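Trainee: Below are the features listed in Swiss-Prot for this protein:
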DOMAIN    1-108  domain 'C2'
BINDING   ASP20, ASP27, ASP78, ASP80  Ca(2+) 1 binding site
BINDING   ASP20, ASP78, ASP80, ASP86  Ca(2+) 2 binding site
Amino acid sequence: MGMGMMEVHLISGKGLQAHDPLNKPIDPYAEINFKGQERMSKVAKNAGPDPIWNEKFKFLVEYPGSGGDFHILFKVMDHDAIDGDDYIGDVKIDVQNLLAEGVRKGWSELPPRMYQVLAHKIYFKGEIEVGVFFQRQG
């Protein structure tokens, strides 16, 4: 079993689509979850469909540990102070192979790339660019 730190780099979004009845630019942000550890990006105020976040988030990892669901879950939202935040879509990144390799050799990386944002698992709502790095500790 290996312990380590996983760093998730949320870089940007492209073509994010949210329903805004007033046609205002969207204010996207992402909620990020890994095995119950939750993080939240900054709101990209008035960024519209192509936000730049360039934020890094750290998660403590125990691999293989308990439970077998090794996915990073992103819930992409549009901040709306007046009538509540609007759901845009989700991204699910499987990191099991990344963690297995990282435990074996000391580190591992998923270079940044675009991932499709899907609403209700089927409706394309744009993309987010994400990279992931894992470093074994001890």
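Keep in mind that glycine also has a Cβ here, set from the backbone N, Cα and C atoms.
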Trainee: Would you mind reading off the Cα separation of ASP27 (Ca(2+) 1 binding site) from ASP86 (Ca(2+) 2 binding site), to the nearest angstrom?
Mentor: 10
Trainee: For the domain 'C2' (1-108), provide the mean pLDDT of the predicted model.
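Mentor: Across the residues of the domain 'C2' (1-108) the model's pLDDT averages 93 on the 0 to 100 scale.
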Trainee: Would you mind reading off the Cα separation of ASP78 (Ca(2+) 1 binding site) from ASP86 (Ca(2+) 2 binding site), to the nearest angstrom?
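Mentor: Distance between the two Cα atoms comes out at 5 Å.
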Trainee: Summarise the domain 'C2' (1-108) as counts of helix, strand and coil residues per DSSP.
Mentor: 10 helix, 55 strand, 43 coil
Trainee: Cα-Cα separation of ASP80 (Ca(2+) 1 binding site) and ASP86 (Ca(2+) 2 binding site), in Å?
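Mentor: Roughly 7 Å, rounded to the nearest whole number.
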Trainee: Over all shown protein chains, what is the count of other CB atoms within 10 A of the CB belonging to ASP78 (Ca(2+) 1 binding site)?
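Mentor: If we count other Cβ atoms within 10 Å of ASP78 (Ca(2+) 1 binding site), we arrive at 22.
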Trainee: Please name the residue among the binding-site residues ASP27, ASP86 whose C-beta has the most neighbouring C-beta atoms within 10 angstroms.
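Mentor: Ranked by Cβ atoms within 10 Å, first place goes to ASP27.
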